[in-house]
Amino acid sequence: MKDKIIVKGAKVHNLKNVSLEIPRDKLIVFTGLSGSGKSSLAFDTIYAEGQRRYVESLSSYARQFLGQMDKPDVESIEGLSPAISIDQKTTSRNPRSTVGTVTEIYDYLRLLYARVGVPHCPKCGKEITQQSVDQIVDQIMELPERSKIMILAPIIRGRKGTHEKVLENIKKQGFVRARIDGEIYDLTEDEIKLEKNIKHNIEAVVDRIIVKDGIEGRLTDSIETSLKMAEGLVLVNIIGEEDRLYSEHFACADCGISIDELAPRMFSFNSPFGKCERCDGLGTLMEIDEDLVVPNKDLSIRGGAISTWGDSRMKEESWTYCVLKALMEKYNFDLDTPYKDLPKKVQEVLMYGEPEKLKVTYTKENVTAVYNHSFEGEINNLRRRYMETNSDTMKAEIEKYMSDNPCPKCKGARLKPEALAVTVGGKNIFEFTSMAIREELDFINSINFSEKDKIISSQIIKEIQSRLSFLINVGLDYLDLARKAGTLSGGEAQRIRLATQIGSQLMGVLYILDEPSIGLHQRDNDRLISTLKQLRDVGNTLIVVEHDEDTMREADYIVDIGPGAGEHGGKIVASGTLDEIMSNENSLTGKYLTGAKKVELPEERRKGNGNFITVKGAKENNLKNVTAKFPLGTLTMVTGVSGSGKSTLVNEILYKGLNKIVNKAKDLPGKFKEITGYENIDKIIDIDQSPIGRTPRSNPATYTGTFDIIRELFSQTQEAKMRGYKPGRFSFNVKGGRCEACSGDGIIKIEMQFLSDVYVPCEVCKGKRYNRETLEVKYKGKNIADVLNMTVEEALEFFENIPRIKNKLQTLMDVGLGYIRLGQPSTQLSGGEAQRIKLAYELSKRSTGKTLYILDEPTTGLHIHDVNRLVKILQRLVDGGNTVIVIEHNLDMIKCADYIVDLGPEGGDKGGTIIATGTPEKIAGAKESYTGKYLKKYL
């Protein structure tokens, strides 16, 4: 019993009463077509139950913070361990999260810098030493004669609590006053009640002195008292100046600057003791961006160059026009000159204002008057309104014209100057985290510590080294620890969490992973597989939902789920070792593994239509002044190892650059010199894996526009006409036809305190979303709720005589989505499914033959059989004269390209150049190309 996990009667989603035995402490791959039920079995059944049982064992107090898991629809699961899921969805979007903080390496670094860091003066850069009482007295005596000062002992600094004992203690030592959170209190008279959950500063007032000759003795006593009370610190409050902090520990004798005792919190950009005060520790500031305020500098002011000004402002009777008239008289320009040709001074005044008051003549209701007006400029105006408004809508509106820029104070380093002045091995903590991970490991290994520092740091260094090594082993050596977590791809984020788990060295755990090979080049795949085996060998069970052939060949056990997708899936087709799967007649996966089935090579490679889109001088992120040519009328793949610059070139520069030129979009592209050849395309479409909608109200029928036609069809029925129902009656988003008890959701959310929220079908409409009257209207015997509950395949048969609906549904069938329901909430669709719905929507439109489609790893989540289908669809788009550019690692996909742009040679700093371009055959012959090396086997 102990060596197996036994699942009996799983019925979650489309699973058909599945029973299964899988070995423990092995590497198990779940595979099958997209939508066959792999995730339902791995995540929604096995993981959900493992997690639920663990959480159930905790107290109800702890459970309210964790959220209770629902019990999955399964009869029983035996042999379960506590389960940890490592999926793609849980990347932190918090701008404060970095690779360093997510992997916890940054915590060890803070400790390292606090314990063995060498402090320097932030002003002059000299190494800082401790200050004696005499030095402190001498510096105070240099203040102007008759300066009023207060000597304070900083006892509590930024700590939560009521601190009653501390205040009592100060009183007992004979002090009558204390400064609490910046205010002076009389300890004998005032009743002081401090808020328990707020951080406080408490300083005892030791002495109040006027600086003059002869006070040195008294000053020395007061400073010694303060140093004793506040563990080596004294705070001098000078009337009309900033407080000065002196320390018998660290201070610069030349500049008179003291810094706090080194502590880990000083290096945290989330702590008030470490973060840069200007940007609040984010490293960037949102600023109004002139390129967003004036996106098209070829336009004139009258023609709409300043995008924040509507047409009404250009009417001659408007106030803005009268102000502009006064500016025109002063600077001699007109409103019809293209913005780029206006003198620099005029552009500056329009954006940042006119220092002198203008005489503005303005007529309102036949009364003309002359006003003295200060013109503040459009950028200053937006900035002021942003600071003053309390309206979230107004803020969101103005944020459209803002972009993130490095903070001018910390230059993006996020920390205070004092923290950045501390070095280990000659580098400060920001310089260290900005290096690529492989360089960081080399640097850590090369530091020469003194004997004392070696003893202090040995344990910390060991932890940092092992964690950096794990990141390198999962193929992330090109990242840096300062990289924001929100900018990572799903695959990168998942592999970081994988590295963190290996670092935790747990055993006896059930790990469930969702396609860890996503975004990984074949070259790095071997390292990933050995990492997975390492996790298994420690004594863990790994269930990996995966389509990657290499991973399957290395697995101990494979479970093939199918045979089809959706309604046609949900059964175990085959399970066993690699050989057993390959010899199983029923297994589609087995047929591809043996080579009986494969993705066929195209009969010929297209040459394109002779036109190119060329990106010149691309320099964003790690791109090294790259010039890339993309032939139009072809299927082009952009390849290269992880971190080589593919996404930067295609998404940040090509897509955003063209989007700005062709669609006048506001998104700022990355750095490049120019893009040529764009006149040969009329549309640019990015088909990504983002959800088709954020709420359960959006679904495949609404996204593809099918639902509008279906509602129209229902409103044309005899019954609907008699009742006077229009198409709006059949919408679940507006009042009229929908069930008002659940507002057309079909379910009602019941909030539970200690348990997870419960969703129950609406009692009134029984989950059908519509009221009784609406459901009485039928088309071919089915009401609108029945239609929404049909799969695409069923609906195609049902509506075969309605060409407008049939065409849209046929494209959904073509992309392999016959199994999804028309009304399936978008929140229940995977990224791959969302992407294919978008593809189907594009296929159903009339092609202009001049569209450029961009896809980023469309094979994510696709079984090799689905990849075969996808290739055919993309070829169909190109056959219509369009151009498709795909970022891809899947070699079955790459071999079908007409043209390849291969980036490399490595990731990060060692990447960012074009290694080879041309047909797959040409790439396979390129010596430098890693892609070519692996592609040879597929051609």
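Indices start at 1 and increase along the chain as displayed.
Cβ atoms are placed via backbone N, Cα and C, with glycine included.
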Range annotated as zinc finger in Swiss-Prot, from 224-251, 252-279, 868-895: 252-279
Contact set, same chain, for the zinc finger (252-279): CB under 8 Å, 6 or more residues outside the stretch: 96, 107, 109-111, 113-115, 117, 119, 121-124, 126, 128-129, 131, 135, 139, 158, 199, 232, 244-246, 285, 407-410, 413-416, 418-419, 421-422, 429
Segment-level pLDDT (mean, integer) for the domain 'ABC transporter 2' (608-936): 93
Counts of helix, strand and coil residues, the zinc finger (252-279), according to DSSP: 4 helix, 2 strand, 22 coil
